[in-house]
Amino acid sequence: MSAAATADTTSPHIPVLLPAILDAVAPVQGVWLDGTFGAGGYTRGLLEAGADRVIAVDRDPLAFEMAADWAGSYGTRLVQQPGVFSEMDTYAVALDGVVLDLGVSSMQLDLAERGFSFMRDGPLDMRMSQEGPSAADIVNEASAETLANILFQYGEERASRRIAKAILTERALAPITTTLHLAGIIERCLPRAKPGQSHPATRSFQALRIAVNDEYGELYQGLMAAERALKPGGQLAVVTFHSVEDRMVKRFLTARAGAGGNANRFAPEVQRDAPAFTLRSRKAIVADDAEVAANPRARSAKLRIAVRTQAPAGVIDAKSVGMPVVKVGN
């Protein structure tokens with residue numbers, strides 16, 4: 001039986017802030033690229049709103065398996081493109097819009113065998129593309145220092161060193177190969193969660209998932225790829241779910257819109273590229289109370305939108321956008 005056949009379809013992935021995106025970028029027309037196809041919520045929303053064509057990109061083969069029942073109804077208006085959004089400018093250029101949802105799809109969380117969830121017992125995997133080193137490889141092979149850095153830099157876990165030490169102690173007895181095994185180790189290192197608080201393993205699982213899939217590197221490269229792929233007047237909409245992602249997106253768009261200013265007013269004026277984007281708003285768009293009530297996942301979501309100018313695409317270094325970098329290895 002395929003993974004698509006075993007996925008839980010009773011609790012479908014609800015696209016966060018979709019009405020806000022469609023309202024902000026209206027009228028929806030031309031060719032759009034959905035860089036995080038997932039369960040297809042944004043793609044379908046764009047097509048129903050009037051996009052001539054949507055190029056749907058995802059590195060997870062399961063995404064396209066799950067879409068088999070409905071994708072054909074859109075005919076040639078829906079183009080399924082296996083791959084990563086950091087390479088979007090090799091799939092298409094002169095795009096009218098790009099949308100990125102940086103959250104994990106519920107279809108991935110719902111499948112225990114994918115190893116993303118600390119609430120379901122399964123192999124400690126977390127690979128979106130199902131290729132390359134898994135979370136188990138990192139947990140069982142990385143040094144204590146590397147593990148602590150991953151947990152702190154990628155998950156903002158303040159107990160990172162305590163957890164890393166506990167992982168090394170546990171793996172000396174037996175390999176850590178399942179999600180619940182790892183979650184139990186982390187739980188023993190932290191106070192019990194109070195009502196309304198997130199599970200103690202939330203930050204650590206987030207950090208490992210980011211490391212396994214190089215999510216920050218993908219985001220950094222993807223933002224520059226979007227700048228190259230969008231035509232003048234094309235719109236970029238990015239939905240983030242935690243502070244590091246949002247900081248990276250905000251700094252990128254602010255810098256590429258020429259709105260950063262000099263850090264020191266006494267420093268000499270720095271020669272800047274012509275602005276490649278204009279910001280739709282200085283502040284991020286967040287979900288209203290009604291959406292949060294209907295979809296609790298929307299509580300932490302932030303949407304930022306910018307419009308491409310006619311200026312040539314440029315380059316910005318990773319440090320300037322605040323991208324954390326941890327060398328994953330012993």
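Each residue, glycine too, has its Cβ placed from N, Cα and C.
Now, the feature entries from Swiss-Prot:
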type: BINDING; residues: G40, G41, Y42, D58, F85, D101, Q108; note: S-adenosyl-L-methionine binding site
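For G40 (S-adenosyl-L-methionine binding site), the Cβ neighbour count at a 10 Å cut-off comes to 27, with all displayed protein chains included. Listed in sequence order, P15, V16, T36, G38, Y42, V239 are the same-chain residues at least 6 apart in sequence whose CB falls under 8 Å from the CB of D101 (S-adenosyl-L-methionine binding site). Counting every protein chain shown, the number of other Cβ atoms lying within 10 Å of the Cβ of D58 (S-adenosyl-L-methionine binding site) is 27. Of all Cβ atoms in the protein chains displayed, 28 besides its own lie within 10 Å of the Cβ of F85 (S-adenosyl-L-methionine binding site). In this structure, the binding-site residues under consideration are G41, Y42, and the one with the smallest number of other Cβ atoms within 10 Å of its Cβ is G41. DSSP assigns G40 (S-adenosyl-L-methionine binding site) to coil in the three-state reduction, placing it in neither a helix nor a strand.
DSSP gives D101 (S-adenosyl-L-methionine binding site) a strand state.
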